[in-house]
Structure formats: C-alpha cells, structure tokens
Amino acid sequence: MEATSKQICDRRLAAERKILLSNTLSSIYAVPKDPDNQYEWFAVILGPEQTPWQGGKFILSIKFPPEYPFKQPNVLFETHVFHPNVYTDGRICLDLLQGAWKPIFTMDTILLAIRSLLSDPNLASPANQDAAKLYEEDRHGYEMKVRECVQDSMGQILPIELKGAVD
C-alpha cells in the first residue's frame, strides 16, 4: 500500500526530530511545542559569532503542513528582529521558504540558512524597507538596532521545551 502524504510527513518529522535532538550544532535548536503534536515546533537560533547578532537567542515558531516535505513549513520569528529580510510580523523572506523549496531541505538546513541570513541579508528582496535602507546607508545605525534586538532577546523567557537545550 502506498503511504499517504500525512504518513510521509509523520515519518519525516520523527526522523528530523531525532536528528535535531542529537544535534551537534550548538547554534540551532528545535523541538515540538507539544509531544502529542509534531506539526508545531519551537526553534532557537543563536546569533552568529563576530557579528552584531552575537549573543542573541532568537525564538521561531514552525508550522508543518501535512504535505511536508513536499510543501515548505511556515517559519516565523517570535523574537522581534530588525532585519532587511524579516517582515515586522516575523515572516521571513528567504527563497528556500518560498519558491525555491525542495523536499530535500530539512529543518537544520532551514535554520542554518536563517542564521546565515541574519549576518548576510539579501538586499535584492527586502521585506523590511526601513532595515534595508539603514543597512545600506548607515551600517553603524543598523548595527545599533540589531544590538537592541540582541539585548531584548536576552531578556525573553524561552519556551520550557527549549530551556534545557539552550541554557
């Protein structure tokens, strides 16, 4: 019998959860919000070292459609970030989360791409015009805004599911 897309999704998410739980990368973490619902996850990305983002802990929410991995997840920043490729509501303008999505992409691929985007924005398709303009015209001013986001992120309370992994 052929597997349904939901069964494929369930198997894939279970496999990715195992990989992320045994994650040797110390810069990304992700877990389901509820052990009984593997379609909604929390993630934390640590700000890249030697960038204005260093020291930040940025929380994301991830919602997987039943068609995952054939359809991309919905990933949003829960932590406020001031970034050219992040809308003010937390949506992320990243090609692999939109038209360039491929089923081979995994959660660690996505989270690492988002982490990389923090320090290397794509100014060709800005989601936040104010951030893009400041980045281009006043890099120091932009970095000051980023450091404010980092400071704010340090004071936020991490979801209990992530506390042990990140703290």
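Every residue, even glycine, has its Cβ placed from backbone N, Cα and C.
If you look up TrEMBL, you'll see CYS93 marked as active site, glycyl thioester intermediate. Residues or ranges marked as domain 'UBC core' by TrEMBL: 8-155.
With helix defined as DSSP H, G or I and strand as E or B, the domain 'UBC core' (8-155) counts 55 helix, 31 strand, 62 coil. Cβ neighbour count for the residue listed as 'active site, glycyl thioester intermediate' (all protein chains, 10 Å cutoff from its Cβ): 18. Per-residue confidence over the domain 'UBC core' (8-155) averages 93 (mean pLDDT, predicted model).
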